[in-house]
Amino acid sequence: MGHNGSWISPNASEPHNASGAEAAGVNRSALGEFGEAQLYRQFTTTVQVVIFIGSLLGNFMVLWSTCRTTVFKSVTNRFIKNLACSGICASLVCVPFDIILSTSPHCCWWIYTMLFCKVVKFLHKVFCSVTILSFPAIALDRYYSVLYPLERKISDAKSRELVMYIWAHAVVASVPVFAVTNVADIYATSTCTEVWSNSLGHLVYVLVYNITTVIVPVVVVFLFLILIRRALSASQKKKVIIAALRTPQNTISIPYASQREAELHATLLSMVMVFILCSVPYATLVVYQTVLNVPDTSVFLLLTAVWLPKVSLLANPVLFLTVNKSVRKCLIGTLVQLHHRYSRRNVVSTGSGMAEASLEPSIRSGSQLLEMFHIGQQQIFKPTEDEEESEAKYIGSADFQAKEIFSTCLEGEQGPQFAPSAPPLSTVDSVSQVAPAAPVEPETFPDKYSLQFGFGPFELPPQWLSETRNSKKRLLPPLGNTPEELIQTKVPKVGRVERKMSRNNKVSIFPKVDS
């Protein structure tokens, strides 16, 4: 009995142990799901912070590039600016509150007040609608610019009216948010009330809004892109026919697509495709909560519907700045200019401290422009190897002639001697050559250019100095060391010219040479 009792007691306790194990398993699974949900919540918060910073920087750079450069037409620039402005507003209004709600759904109780919730939802709807409606406006402008490149189908006034219509449409489509409290939008899926009201008005509003503001604009964009592609493919035959006939016809409008147009088409198509792919979780959530009336939705689906649609806010400026070659060149050039300007400031600031230690010409110039000019002049008028050799020969010949003059002076003092007279120079030789200056002792007369520190308003440029007077790159005729030497230089007289008549009645001119 004891044994039987001991055998029965374990069997009797098995149901209790099984129920406890099941409860422990349920608790472990609940804790595991809660931990995974918290981890995914942290991931979504981090991603939204990155999207917030990148979207603001990217859209501001798009605005700067469209305002600074004239790469695109004024109408295209206006539509791109409108898209960038809506992205900035959506980032400032939508993302911060969703970051707070994703971090902790029960923090910041003032967010759940009815008035604040309605205002935030209204702004969410407006900026989301403006972003979506800007796509067909850009596609329409591209369609007209490709099919009619020499005409302006959309003027500046019409483009302004179209932008005003986009904002009016967005405001009208977002006004019912004040009447329907539990409305989810594409950027913020948190609702103003915890319990969903399964009213007919809510269902009608969701259907009308998504058809008129989301589905139809996306379909229009694809329709315009298909028409552009079809027109460009059909235009090749027209170009061949007109080129063969050599008779241009005014009635035929040949579509034109440059590299810039192709880049804009690729950018627009990429933006729309990214928007559609990122909106799939939001559409799934709307179908679950509105059409299928499923009250309990997965936390992962809700968080994915919160952060994934916001990727389009970051993708739009990134695609615009990277796909377009002209915009990319402008951006890179601006960054290079900023880098050069910053590096120059650093050089000037470090050079001011070095001026006290070393008295170099480039540091004492006092102006960065004069310093750069002085360096450029040195590079331009730097003598080549041939010029250095000719200059060395010229200096050697000048020293030899000076020694001859000095020896003849000594011989003249000792006694008169007859020396052969040198042949007279011609006029051309006298102009191209200058009498060499007498050698001067460096101790007696120091170099007058030794105190010059660089080219300034009261200094001679380097091409006028005596060291470079024989250079081929000089800007002035060769001069002596001083203006007095040029004045004292005498041009020898040319002998009388004789004219003789030949048998063919040709006049020959022979200069008279002293025998």
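Residue 1 is the first one shown; counting continues down the chain.
Including glycine, each Cβ sits where the backbone N, Cα and C put it.
Membrane topology per Swiss-Prot: G35 and L292 share a side, carrying the same topological domain name.
Record note: of N17, N324, Swiss-Prot gives the feature N-linked glycosylation site to N17, with no matching annotation on the rest. Of the listed segments 1-20, 481-500, Swiss-Prot assigns region 'Disordered' to 1-20.
Here the transmembrane segment (43-63) does not touch the transmembrane segment (119-139). Their Cβ atoms form fewer than 3 pairs under 8 Å, with each pair 6 or more residues apart. Sorting each residue of the topological domain 'Cytoplasmic' (140-160) by its DSSP state yields 13 helix, 0 strand, 8 coil. Among the listed stretches 83-103, 119-139, 268-288, 300-320, the one sharing the most Cβ pairs under 8 Å with the transmembrane segment (208-228) is 119-139.
Note on the topological domain 'Cytoplasmic' (229-267): its mean pLDDT in the predicted model is 60.
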